[in-house]
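Trainee: TrEMBL feature annotations, pasted as is:
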- 12-38: transmembrane segment (TRANSMEM)
- 25-155: domain 'Tripartite ATP-independent periplasmic transporters DctQ component' (DOMAIN)
- 50-72: transmembrane segment (TRANSMEM)
- 84-103: transmembrane segment (TRANSMEM)
- 129-147: transmembrane segment (TRANSMEM)
Amino acid sequence: MTFKSVVNIPIAFLKGVTVALVAALIVVVVGTVLFRVFNIVPEGSSELAILLFIWLIYLGAFVAFLEGGHLAITAVANRFHGRWLAGFLIISDAVLLFFLIILTTESYKYVMLALSNVRLTASLHISPAWGYSALLVGMGLSALYVAGSIAMNIRRLWTGEEPPHHSDEELEGTQV
């Protein structure tokens, strides 16, 4: 059983949640605009749209990361082959993991600070931790994925297995 097959079900669920967030954001924004046409301002609609958008940004960024939305690194990585490619991927992922751990740690501190505070948002009357936790979840998922990628590439380096290359069709969005 490969790493990719283990995470396919949660990834499909995460993609579904991301699609649901897009749909909810569209409903909130369109509904707010329609209500405002009739001079009715729904309380909390702006805060709800912002909260949905924040979650959509971080979960969407993680989904894009899974789908190969990090094209800049593949342009350099495609110049390497064999063990050199595995080594390059380990180093680049280690640097990325370092920053993801920093972001995850700091976002955890923000969530804990928001939870320990009695301050609530102005119109939804919820803790700001709901917004901060989007960064925690998005960066935490990314850190887990990158750690798994590092482990796979260390195994590839150890066994001499060639890491997969991204072809031009994959980079254009067409899966091979």
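Backbone N, Cα and C atoms are what each Cβ position is placed from, and that goes for glycine too.
Where the annotation comes from TrEMBL, it is an automatic prediction and has not been curated.
Burial and contacts for the listed features, if you can.
Mentor: Under 8 Å from some Cβ of the transmembrane segment (12-38) lie the Cβ atoms of residues 45-46, 48-49, 52-53, 55-56, 59-60, 62-63, 141, all in the same chain and six or more residues away from its ends.
Remote same-chain partners of the transmembrane segment (50-72), defined as residues 6 or more beyond its termini with a Cβ less than 8 Å from a stretch Cβ, comprise 11, 14-15, 17-18, 21-22, 24-25, 28, 124, 130-131, 134-135, 137-139, 141-142, 145, 166, 170-171.
Same-chain residues lying 6+ beyond the ends of the transmembrane segment (129-147) with a Cβ under 8 Å from its Cβ atoms: 7, 14, 50-51, 54-55, 57-59, 61-62, 65-66, 93, 96-97, 100-101, 103-104, 107-108, 110-111, 114-115.
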